[in-house]
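Peer 1: Okay, these came from Swiss-Prot:
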DOMAIN    1-192  domain 'Glutamine amidotransferase type-1'
ACT_SITE  77  active site, nucleophile
ACT_SITE  169  active site
ACT_SITE  171  active site
């Protein structure tokens, strides 16, 4: 079972619909009882990092997620950023599952990074356009599986142990986005 974590700030209905379209059983919850039963946990998100972490802590989801670190966790957009240690957006601590700091995009192009952009990767399936909406980015590191070029290299997919972060919106990226979401659910992008 796949559980989408509901902390009040997210693109939950679109993500749920996309996962159902792929044929998976999916439940939306913010309770330990349900999240503890998940095989895969999806952390969606749209909004401000500090506000999201405040809600996650208010709902005790940080503790619930911390006791489920043996499970695959997929963060989408803000959800990916929340898995990192810290963000400059609101100078807030994150969940700390992936090492690094989230920082504002530094580019001569307009911010937010909004619209379709091509993925760059050594992975054979990660080479098409996907839909981005964000002003902050993860650091370039050995955990980056794919990135987009937007006046600077912007991490688009990261994988660290059982954590997968997707900065763009696969649920808004058409059939190709759904293929990426399926690959993330099935095992990720390392050692294919």
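Glycine residues also receive a Cβ, built from the backbone N, Cα and C atoms like all the rest.
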Peer 1: Tell me, what is the mean pLDDT of the domain 'Glutamine amidotransferase type-1' (1-192)?
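Peer 2: Mean pLDDT, the domain 'Glutamine amidotransferase type-1' (1-192): 97.
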Peer 1: Sequence gap of 6 or more, C-beta under 8 Å: which same-chain residues meet both conditions with respect to the residue listed as 'active site, nucleophile'?
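Peer 2: Long-range Cβ contacts: 11, 44, 45, 46, 133, 134, 166, 167, 168, 169.
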Peer 1: With Cβ-Cβ distance below 8 Å and at least 6 positions apart along the chain, what are the contacts of residue 171 (active site)? List them in sequence order.
Peer 2: 11, 14, 15, 17, 18, 76, 177, 178, 181
Peer 1: Please work out the number of neighbouring Cβ atoms within 10 Å of the Cβ of residue 169 (active site), leaving out its own Cβ.
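Peer 2: There are 22 such Cβ atoms around residue 169 (active site).
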Peer 1: Which state, by DSSP, holds residue 77 (active site, nucleophile): helix, strand or coil?
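Peer 2: Once the DSSP labels are grouped into three classes, residue 77 (active site, nucleophile) ends up as coil.
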Peer 1: Based on DSSP, name the secondary structure state of residue 169 (active site): helix, strand or coil.
Peer 2: coil
